[in-house]
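Per TrEMBL, the features are as follows:
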DOMAIN    30-213  domain 'Glucose-6-phosphate dehydrogenase NAD-binding'
BINDING   Arg67, Lys174  NADP(+) binding site
BINDING   His204, Lys208, Glu242, Asp261, Lys364  substrate binding site
DOMAIN    215-510  domain 'Glucose-6-phosphate dehydrogenase C-terminal'
ACT_SITE  His266  active site, proton acceptor
Amino acid sequence: MGSEEKKWRNPLRSEHDKRLPRIAGPSGMVIFGVTGDLARKKLLPAIYDLANRGLLPAGFALVGYGRREWSKEEFQNYVREAVDAGARTVFNEEVWERLAEGMAFVTGNFDDDDAFDTLAETVQEIDATRGTGGNWAFYLSIPPNFFADVCHQLQRSGLAEAPEESWRRVIIEKPFGHDQESAHRLNEIVNSVFPENAVFRIDHYLGKETVQNILAMRFANQLFDPLWNSHYIDHVQITMAEDIGLGGRAGYYDGIGAARDVIQNHLLQLLALIALEEPSAFDPQELRAEKVKILRATKAVEPFDKTTARGQYTAGWQGSEKVVGLREEKNFDPNSNTETYAALTLEIKNRRWAGVPFYLRTGKRLGRRVTEIALVFKHAPHQPFDASDIRSMGKNAVVIRVQPDEGVLMRFGSKVPGYSMEVRDVNMDFSYSEAFTEESPEAYERLILDALLDESSLFPTNKEVELSWKILDPVLKYWADHGRPDEYKSGTWGPESADAMLERNGHHWRRP
Ligand code: BG6
């Protein structure tokens, strides 16, 4: 074989080919808060599915840490139940056996020296027997008031420090603070133990396929970007509507509310991806730098009595089911002022977006579950048609459907067939399920794998988190000083004040 031939590598198999799934190297994960809802419903099934897809190393280890007095077998049974209930792949006994073999459970509180010493010993034993190579991710699926204890204990017990040639990372669930100041304090605590490049803050919306497609759509094509600015776009609506109520989650949600729960993180991340400039390279640093610029330029528009709205759901009908109001939900404080619906008007103070309102809204117990981003265009500057010809035509729009029915829709005017000139709105619709046979990975699968691979693009940085709070804080303060949220009936599209908020600008919410 000539030397030229020897050097030849199949380009489809090069190390940098992002089409090939990457497999995590030797590693293990410790989950704090493993008995919580999120671990049971999302994390444990995602870990099993990754193993089943062959994306975890054969010797992967999973250690649970919590207060229960569980044996290894009891922990295995608990994980098995979570996997049976939540996994997306077909159960494979062999994969399960291999994964279960690498499980361990350590009993303790979050500030318990002895228990963390036992955890450190457990991790060492596993490294010696399963070839995890000293590479560990610590998943904090716990309320933020325990972050300090756990970080301190990880440091004290030596667990935070990676042996040579190995890594230690921390994965953190939201809520990350309740305002800018508390988020800053948490960042200081976490960053005093783990350098920022070892911190992976979860925003599971960034793990969604359709959210990642925003960048592909904007920057891989020539079609959209020339129109993506204030010359052509009238306003942007970002909607995250849920039909579920708060049954069972009162403890977490009361005092937090819709804006802190999802606007501070998911919706502001969507806004950043829609609005950012093209990163000079598609790598984590560049992408995050662009997001930071946008968040820094974003402000909530005042006066807040007109530019924001908030509400609480009351009893009503959700489809054919009769449902109770927030204040009657089990364990919810009947006098709570926590909002289950929030809408804001934001502006982005830069050349591309000056003067374009970004309306964000989210709510529980709304008409249906849907997350979408609609870019609504201005009217054409001149129409050669009679006003009556275009009477039934609205504004052009590009709608990115994040979920469900993932896809992208374009709305524009088209001539109605016939002998007269009449223009009416039509939709051109791309749907993932029709265009692709490939299945989208579950957000948590993608994010857990990325964290193990040290691929940080989809994780917000400390700056992003603090800037997002900075945008929200003035509104939260205004709401806290101004009494009760409005009411809206379950199954409707939120309080009337939310409609009024757009009408004052001559706009209307889309009815998805
Ligand atoms: C979570 C919120 O971050 O996102 C929940 O805490 C919300 O309140 C959930 O229900 C919605 O996630 P998804 O992926 O179902 O849209």
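Each Cβ is built from the backbone N, Cα and C atoms, and glycine gets one as well.
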>> Averaging the per-residue pLDDT over the domain 'Glucose-6-phosphate dehydrogenase C-terminal' (215-510), what integer do you get?
In response: 95
>> Using a 10 Å radius around each Cβ and all protein chains in view, which of these binding-site residues has the most neighbours: His204, Lys208?
In response: Lys208
>> Measuring Cβ to any atom of ligand 1 with a strict under-6 Å cutoff, which of the binding-site residues Arg67, Asp261, Lys364 qualify?
In response: Asp261
> Between Lys364 (substrate binding site) and Lys174 (NADP(+) binding site), what C-alpha distance do you get in Å?
Replying inline: 18
> What is the interatomic distance between the Cα atoms of Arg67 (NADP(+) binding site) and His266 (active site, proton acceptor), given in whole Å?
Replying inline: 31
> Any idea which of the binding-site residues Arg67, Lys364 has the thinnest Cβ neighbourhood at 10 Å?
Replying inline: Arg67
> Any idea which of the binding-site residues Glu242, Asp261 has the thinnest Cβ neighbourhood at 10 Å?
Replying inline: Glu242
> What is the Cβ neighbour count of His266 (active site, proton acceptor) at a 10 Å cut-off, with all protein chains included?
Replying inline: 23
>> Could you check which of the recorded positions Glu242, Asp261, His266 is the closest Cα neighbour of Lys174 (NADP(+) binding site)?
In response: Asp261
> If you measure from the Cα of His266 (active site, proton acceptor), which of the binding-site residues His204, Lys208, Glu242 is the nearest?
Replying inline: His204
> Near Lys174 (NADP(+) binding site), how many other Cβ atoms are within 10 Å of its Cβ?
Replying inline: 19
> On the Cα atoms of His204, Lys208, Glu242, Asp261, Lys364, which are listed as binding substrate, what is the maximum pairwise distance in Å?
Replying inline: 20
